[in-house]
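Colleague: Input: one structure, supplied below.
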Amino acid sequence: MNQTYGTAAVLAAVLATLVIGSAGLRISRTTSDFYVASRTVPPYLNAMAVSGEYLSAASFLGIAGLVAAQGVDMLWFPVGYTAGYLVLLAFVAAPLRRSGAYTLPDFAESRLESTAARRVASVLVVGIGWLYLLPQLQGAGLTLGLVTGAPRRLGGVLVAVVVALAVAAGGMRSITFVQAFQYCLKLTALLVPAVFLVVAWHGDPGPGAALEEPPAFRRHTQVTVDSTVRIRLHEPLRAVAAGAVDGKRYDNAALLLDPGVHEVRAGTRLRFPPGAAVPERDGGSGPRTGASSWATPLSGGRDDHPLYTTYGLIFATFLGTMGLPHVLVRFYTNPDGRAARRTTVVVLALVGGFYLLPPLYGVLGRIYAPDLLLTGNTDAAVLVLCERLVGGVAGDLLGALIAAGACAAFLSTASGLTLSVAGVLSQDVLPSLGVRHFRLATLLAIAVPATASVAVSGLPVADAVGLAFAVAASSFCPLLVLGIWWRGLTAPGAIAGLLTGGGSALTAVGLTIAGPPADGWTHTLLAWPAVWSVPLGFLTMVLVSVATRDRVPAGTEAAMARLHLPERPAGATS
Amino acid sequence: MGAPGTPRREVVTGATGTSRQGHGPSGTARTPRRGHGPRGTARIRAHEDPAADPAAVRSLMSRQLRLAAMTSGLLVALIGPLPLAFRALPDAATRPGGALVVWAVLGVAAYPALLLIGRWYVVHAERNERDAGDPTGRA
């Protein structure tokens, strides 16, 4: 990777973000400008902003990495990420906009007339937001390190600073423009290189063969193993090694390994002849196979019960999208409920169109960057392909474009999350001080995950992405669906459901990450909680609400009219 | 926006008389109106006393909920059997091409399908709301 071009591209992306953000500063003056862009964002712009915010690095880099490592079954991820918007459209989009609230806690309070419900929702929003921010910042460090050669921690801090500046400067108004710009950048950054890559590839070898046959090195390839790895061989392997394999030292000596599991020490250099099969990484004891760090909890344990885990993935992503606070807050920026629906349909088109591209990078990564499968760094596949396949100055320039897109991916998702967390913090946690105080909340919103990402850089925090999806699906999905469609929901019911659903999902994934290793069904059920924790959340909400029937909020009828009747002032002031 | 006319600015206020007044009369919303005055006033009257015609709200809600259920039913019918179908694909070793089928379905065909379902939903949801405008107009 050419570091000069890469650095220039990343700086350009950051600069553009700040310039567009500060242009927004001149426009945004009042509190409502800050939070919801005065609700005058037209559907197409808003849809671009929603998509720009939604397509995080997990989409930009992670999906291609997953396809490269594990094949096309991984395409369930982008399908789930997109279909989540269809569910959101059908059940939530228009009524949520008509609720007239700024944030999820606002919705909880105005619908249920309970400050306690508001507080629980606030805690969940901040929790989910931080969980989602952490891997974004860590991924940023990783990518920036690869692209510019900067130390890993610096990248995360850099992204945190840029995001804090952009959000604190202009709030949602500037973020709307920033996000829309970043969607365009991300799409361009995958689309233009894809054309060159396809020309360079011209179908040799065919995609079917690439996906179905075990990956092999196409020419002499030297791989340096960064961290100690266990490899599983199905046939004898010949290579030249410099380092330690199975505890024996090699000094540029020929190495012949029999089929079975072998350990390659960190720092070992292996040189493979053309045609050699790529050794398979052995997952060992943990659930993580190291295939791709982005979606490990979602892909963990796939081998045990693939059908259950596929449905678990479908459940978590279809329903989790609706519960992500940074996605929901964007719906308040629509002029009205009808526009909110139209926005969502445009989002379906924009997000779906984007997701046509990553699988191509995944397949090409499998053919032309098989060494990443051995080092486990498959998320880098998108970043290295241009250099390998196109080469020369053109390759470097295209690589730089992709780096800028990846940078946009981190920035957009991180700023959206920061904005929604800061909104909740400034309204519910810190005392009311007006706009200046929103800036304080922004600092707090990004400082906590940034500190954590520096402090725990060794931990597999990417697990937090899947955790955030599962927690959102099991807490906010029931709250929104029941709150919008069921008159019987009470505050105690909602609180119980939020705590039970969200809490059990949190516990389950927490146990998967940090708990004792489990096997078989126990492990699978814990690693993929959404299948049971979402119904649990719904059931608790319904049962407790029925038990506390006498506490149905007095304004329920009025709230229902407000949520469902079209084109009317959102708040009943009488 | 069907025949939007000149958008009128209206004040959007917070929730119904609850404690959160900090952000008071905050945003403004453009409310596209289809011309006729009587309809607008009727809507505002319904809004001043939202419980005035709960029957209309109920019928609109149940129609919208049915539509949402149909939409998600369509989604489930379309997506739900796919994991099972993919498992039934012949083994790559005996008959290659399975991966390409999965790519074509999940990587390409799924997105236009989702878009079409979404479009279909919006058309019907807006039709439901237009129909609901009439009983409100009676008030």
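First residue shown is number 1, and so on along the chain.
Using the three backbone atoms N, Cα and C, a Cβ is placed for every residue, glycine included.
Because TrEMBL annotations are produced automatically, they should be read as predictions rather than curated entries.
The annotation transmembrane segment is assigned in TrEMBL to A:6-25, A:75-96, A:116-134, A:154-171, A:183-203, A:311-333, A:345-364, A:397-425, A:437-459, A:465-486, A:493-514, A:526-547 (among others). Among the features that TrEMBL reports, region 'Disordered' is placed at A:272-298.
Would you situate these features in the structure and describe their surroundings?
Modeller: Only residues 6 or more beyond the boundaries of the transmembrane segment (A:75-96), in the same chain, are considered here, and those with a CB under 8 A from a CB of the stretch are 54, 59, 62-63, 66-67, 107, 295, 298, 310, 313-314, 316-322, 327-328, 331-332, 337-338, 340-341, 343-345, 347-348, 351-352, 355, 358-359, 480-481, 484-485, 563-564, 566.
A Cβ distance under 8 Å defines the sequence-distant neighbours of the transmembrane segment (A:116-134), meaning residues of its chain 6+ beyond its ends; these are 103-109, 323-326, 413-414, 417-418, 420-421, 424-425, 427-429, 445-446, 448-449, 452-453, 461, 464-465, 467-468, 471-472, 475-476, 479, 491, 494-495, 498-499, 502, 506.
Outside the transmembrane segment (A:183-203), and at least 6 residues removed from its termini, the chain residues within Cβ reach (under 8 Å) are 13, 16, 48-49, 51-52, 55, 60, 350, 353-354, 357-358, 360-361, 364, 367-368, 382, 385-386, 389-390, 394, 398-399, 401-402, 404-406, 408-409, 412.
Long-range contacts of the transmembrane segment (A:345-364) within the same chain: residues 43-44, 47-48, 50-51, 54-55, 59-60, 63-68, 72, 74-75, 78-79, 81-82, 85-86, 89, 183, 186-187, 190-191, 194, 197-198, 201, 207, 210-211, 381-382, 385, 389, each at least 6 residues beyond the stretch ends and with a Cβ under 8 Å from a Cβ of the stretch.
If you look at the transmembrane segment (A:397-425), the same-chain residues 6 or more away from its ends with a CB under 8 A from one of its CBs are 1-2, 5-6, 8-10, 12-14, 17, 35, 52-57, 59-61, 102-105, 122, 125-126, 129-130, 132-133, 136-137, 139-140, 143-144, 147, 159-160, 162-164, 166-167, 171-172, 175, 178-179, 182-183, 185-186, 188-190, 192-193, 196, 325-330, 382-384, 386-387, 390, 438, 441-442, 444-446.
Beyond the transmembrane segment (A:437-459), the same-chain residues lying 6 or more positions past its ends with a Cβ under 8 Å from any Cβ of the stretch are 31, 34, 126, 129-130, 133-134, 137-138, 141, 152-153, 156-157, 160, 163-164, 167-168, 171, 414, 418-419, 421-423, 425-426, 429-431.
Remote same-chain residues near the transmembrane segment (A:493-514) are listed as 108, 112, 114, 116-117, 120-121, 124, 127, 287, 297, 300, 460, 463, 466-467, 470-471, 473-476, 478-479, 482-483, 523, 525-527, 529-530, 533-534, 536-538, 540-548 (criterion: CB distance under 8 Å, separation of at least six residues from the stretch ends).
Through the fold, the transmembrane segment (A:526-547) approaches residues 287, 297-298, 300-301, 308-309, 311-313, 315-316, 319-320, 469-470, 473-475, 477-479, 481-482, 486, 488-490, 492-494, 496-498, 500-502, 504-505, 508-509, 511-512, 515, 518 of its own chain, all at least 6 residues removed from its boundaries and within a Cβ separation under 8 Å.
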